[in-house]
Amino acid sequence: MLTQSCPIPCDPLDHSLRGCSRPWDFTASLSKMKVTLSALDIHESSFTPLVIIELAQDVKEETKEWLKNRIITKKKDGGAQLLFRPLLNKYEKETLENQNLYLVGASKIRLLLGAEAVGLVKECNDNTMRAFTYGTRHNFKDFDDDNDDFLSMAERQFIIKHELENLRARDEKMIPGYPQAKLYPGKSLLRRLLTSGIVAQVFPLHDNEALKKLEDAWYTRFTLKFQPIDRIRGYFGETIALYFGFLEYFTFALIPMAIIGLPYYLFAWEDYDKYVIFASFNLIWSTVILEVWKRGCASMTYRWGTLVMKRKFEEPRPGYHGVLGINAVTGREEPLYPSYKRQLRIYLVSLPFVCLCLYFSLFVMMIYFDMEAWALGLHEDSGSEWTSILLYVPSIIYAIVIEVMNRLYRYAAEFLTSWENHRLESAYQNHLILKVLVFNFLNCFASLFYIAFVLRDMKLLRQSLATLLITSQILNQIVESLLPYWLQKKHHVRVKKKVEALKADIDATLYEQVVLEKEMGTYLGTFDDYLELFLQFGYVSLFSCVYPLAAAFAVLNNLTEVNSDALKMCRVFKRPFSEPSASIGVWQLAFETMSVISVVTNCALIGMSPQVNALFPESKTDLILIVVAVEHTLLALKFILAFAIPDKPRHIQMKLARLEFESLEALKQQKD
């Protein structure tokens, strides 16, 4: 990472807080923090650029000066108290493009005080995890006044993002130079600048040296090894590290299913009684792996500190709008929007639209079956090799259409969910995930349910399942990683030629890095990555007794998925801001729901087999009752297993209980 000099002299800093107090002495720590923050100087002789702010072209000078002052002004005066300078100096601006790029950083003390403000949790010298406080910094493991690596790169950039987002309007009624961009007290300045188009983007800068080391340990050598999850967390943050941890865990969890499924492939497809044991194992497996993951996830997030992080009161999301008023809970001034209007939008517009899309998906599915019938009729008439290959064409076309429809619907779902005007980001994400999951589930699995339970054509079911699974995996690899990487490589070559042609005396390395990264695509989060695993889990678990090879194909795909996703994160997209996470969130519930549905489908498929039907030649009612009884027994077993396996290991539970006890003791001491 490059360190850039700033021509402004540095004032001495206040080092009065070098003493330590007890880890729970929050009152003393807070008062000391205020003293230090007020004394902290806003200028540094040099600073490491962590975040880039790109302004739109032709932004007025008074707006630039106002934004600069708000960023560097001290906290007590309403600023962020960060370090800020343009990428190019006055001479360079006359000879180069990209004049609206600015570097943002912070001094070491400012970052440590920011770590306390956001509630980062770190490991203490007594091996416990506690919320970091500046006044007790020497009680934390690996802290040293001369050590700049106490906070990871991801944590430092997260702190700067938090400070920028919490820059709020005070007395301003509008953004200087832009009277149409209205402000009110408490409004987030960065959000208004982004929505008004004055700020084009804000993104964290890569650390090329650390990135190269991470790549060498992660994916540059294609070998079967564990991923460096802790190093991924240190560079990208907990949310992305949890995704890669889950991807790795899920891949290893699929291996037993793949090994057991391979011998079944050698048996006659119509002997469904042979699959009863395999299906039963699948159902227990799907429950156990999800419960064991929760335990592993708790251990990881405790080690990272996010499991014990205090959840702060959620601020309104950036896109939330309404009439300015007073929040009854916080007493703060913020936009207010009647909930009944939101409900009307959901039930009168969003719900009918989703239902219309589901109907269209079913209509496309029926067209696919017409194509299947046409291909089958053509093959029966001619019986040639070409027509036998043609039998797979409708499934391939349908798989491609499904992927296209899923992506188009995603854009529509995002627009609708944003238009519903949810106050909280968590509510927005939950409504978006619900819309997308319902459509994707129907779009991907409706045809398989129709073939299995209406047509009852097991041969066609195996063919369709295999085609959908393999085609979707290939398309995802191309669209998500290979194509963007190829485009990014072409852009990189153009930027290098342009920089080499420059004769200006500039720091070409930093200039090239910033210009290259600002043109990279923006990583939109782990939603699509989890969705891909969710659909894969459905293909493996829903129809396991019909196509036991699904797990083997999933393992092969995921072995390459780990590397392609790593390449995507490191070389295709901008570096995303770190987001603290304690779990995979609502996706845990989604996977558990899929495992429950798989019990029903597998029991029904086994009950429909000729061998099972032959056992009840007289009464189908007895057969149905037995299948339902078996299904309920397996569901009961699933819930018993889920209850019997604790979500957190015993040692983690004990540590959390100890922290809770010490917090209560601290409150008692404060009252005394």
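Every residue number used here counts from 1 along the chain in the order it is shown.
The backbone N, Cα and C atoms fix where each Cβ goes, glycine too.
Marked as domain 'Anoctamin transmembrane' by TrEMBL: 232-658. Positions annotated as transmembrane segment by TrEMBL: 240-269, 275-293, 346-369, 389-409, 432-453, 533-556, 623-645.
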Touch test for the transmembrane segment (432-453) and the transmembrane segment (346-369), at least 3 Cβ pairs under 8 Å: yes
For the transmembrane segment (275-293), sequence-distant contacts whose Cβ falls under 8 Å of one of its Cβ atoms, 6 or more beyond its ends: 246, 249-250, 253, 256-257, 260-261, 264, 537, 540-541, 544-546, 548, 588, 591-592, 594-595, 598-599, 602-603, 605-606, 634, 637-638, 641-642, 645, 647
Long-range environment of the transmembrane segment (240-269) - Cβ separation under 8 angstroms, sequence gap at least 6: 226-227, 229-230, 232-233, 275, 278, 281-282, 285, 289, 293, 296-297, 300-301, 304, 458-459, 462, 526, 529-530, 533, 537, 540, 544, 548-552, 554-555, 558-559, 561-562, 565-566, 569, 576, 581, 583-584
Other parts of the chain folded back onto the transmembrane segment (623-645), taken as Cβ under 8 Å at six or more residues beyond its ends: 280, 283-284, 287-288, 290-292, 295, 592, 595-596, 599-600, 603-604, 606-607, 612-613, 615-616
